[in-house]
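A.B. asks: A single structure is presented below for examination.
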Amino acid sequence: MKVFYDSDFKLDALKEKTIAVIGYGSQGRAQSLNMKDSGLNVVVGLRKNGASWNNAKADGHNVMTIEEAAEKADIIHILIPDELQAEVYESQIKPYLKEGKTLSFSHGFNIHYGFIVPPKGVNVVLVAPKSPGKMVRRTYEEGFGVPGLICIEIDATNNAFDIVSAMAKGIGLSRAGVIQTTFKEETETDLFGEQAVLCGGVTELIKAGFETLVEAGYAPEMAYFETCHELKLIVDLIYQKGFKNMWNDVSNTAEYGGLTRRSRIVTADSKAAMKEILREIQDGRFTKEFLLEKQVSYAHLKSMRRLEGDLQIEEVGAKLRKMCGLEKEE
């Protein structure tokens with residue numbers, strides 16, 4: 001898989017173009033400011049006079065309604081939540097799409113599953129930082145960047161690569177490295193990573209470990225340190241050095257215990273469950289379930305959020321994070 005860097009990309013394809021960033025959350029703010037600071041012509045499309053409108057104004061952006069931005073722009077970069085995109089697209093963006101324009105995303109969800117179907121003659125691309133928005137902005141300001149992905153679903157103008165690569169360069173992604181993939185691959189791997197490992201798997205593993213120690217009579221504070229707080233140390237080692245060097249950096253006791261016991265935690269059944277989660281993503285079952293949840297105003301999701309907030313590990317964690325001076329990071 002080829003990795004592109006700054007020297008591989010040029011901004012030329014966007015020099016005379018207007019980019020409308022739709023949405024001003026974490027990614028919207030970071031990506032729009034980075035492109036603006038790279039010398040590109042950026043406008044921000046938002047609901048008029050909302051909190052994001054005022055924030056974008058304060059950051060020095062040319063802010064307008066979504067309809068005005070969609071009409072004005074050559075490239076429309078949609079960065080509002082996945083579940084809102086199709087509705088906003090149909091009512092506020094689609095009427096202003098003309099041949100030669102480019103529709104851009106940072107997640108392929110709505111294109112891949114067919115909730116947004118662009119008209120003929122419109123490019124469809126994706127540029128996705130592989131990092132939270134705050135890190136996208138901070139590393140750019142420090143003169144570097146975060147890695148990212150680019151995809152081209154439809155190349156109606158025969159220069160979609162030039163456009164999406166220029167966006168990646170403007171955001172600062174090519175400073176760290178950019179990989180070209182597909183909407184299908186980006187969407188399905190992103191959802192799987194979130195559900196099975198990064199957000200779902202890891203949190204359930206932490207909770208199970210914490211509860212095991214507490215139920216055995218150990219102090220909740222000790223349980224938190226050993227199953228949650230110290231996780232960052234290990235993740236940072238893996239992030240920076242890989243698995244092999246992580247093992248080299250921990251004690252022999254930790255290495256031997258981890259290598260000989262890990263397969264009893266993540267078993268063949270665990271991997272089978274992961275495969276089923278992946279099938280649900282691939283065949284659209286998860287997407288259908290998520291959209292049904294939206295139709296009932298996220299009742300189940302809200303209930304799960306309340307239950308998570310009531311966990312003992314949350315109470316203990318809040319106390320220890322304050323003790324460690326970490327509360328400012330939350």
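Placement of Cβ uses the backbone N, Cα and C atoms for every residue, glycine included.
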A.B. asks: Same NADP(+) site as TYR24, GLY25, SER26, GLN27, ARG47, SER52, ASP82, GLU83, LEU84, GLN85 according to Swiss-Prot: which of GLY133, GLY143, GLY145, GLY148?
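C.D. replies: Matched candidate out of GLY133, GLY143, GLY145, GLY148, per Swiss-Prot for NADP(+) with TYR24, GLY25, SER26, GLN27, ARG47, SER52, ASP82, GLU83, LEU84, GLN85: GLY133.
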A.B. asks: Would you mind splitting the domain 'KARI C-terminal knotted' (182-327) into helix, strand and coil residue counts from DSSP?
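C.D. replies: Grouping H, G, I as helix and E, B as strand yields 125 helix, 0 strand, 21 coil.
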A.B. asks: Distance check, please: Cα of TYR24 (NADP(+) binding site) against Cα of GLU194 (Mg(2+) 1 binding site), rounded to an integer number of angstrom.
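C.D. replies: With the alpha carbons as reference points, the distance is 22 Å.
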A.B. asks: My understanding is the cutoff is Cβ-Cβ under 8 Å with a sequence separation of 6 or more in the same chain; which residues meet that for GLU194 (Mg(2+) 1 binding site)?
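C.D. replies: When sequence neighbours closer than 6 are ignored, GLU194 (Mg(2+) 1 binding site) has GLY200 within Cβ distance under 8 Å.
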A.B. asks: Neighbour count first, Cβ atoms within 10 Å, every protein chain included; then name which of ARG47, HIS107 tops the list of recorded positions.
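C.D. replies: That would be HIS107, with the highest Cβ count within 10 Å.
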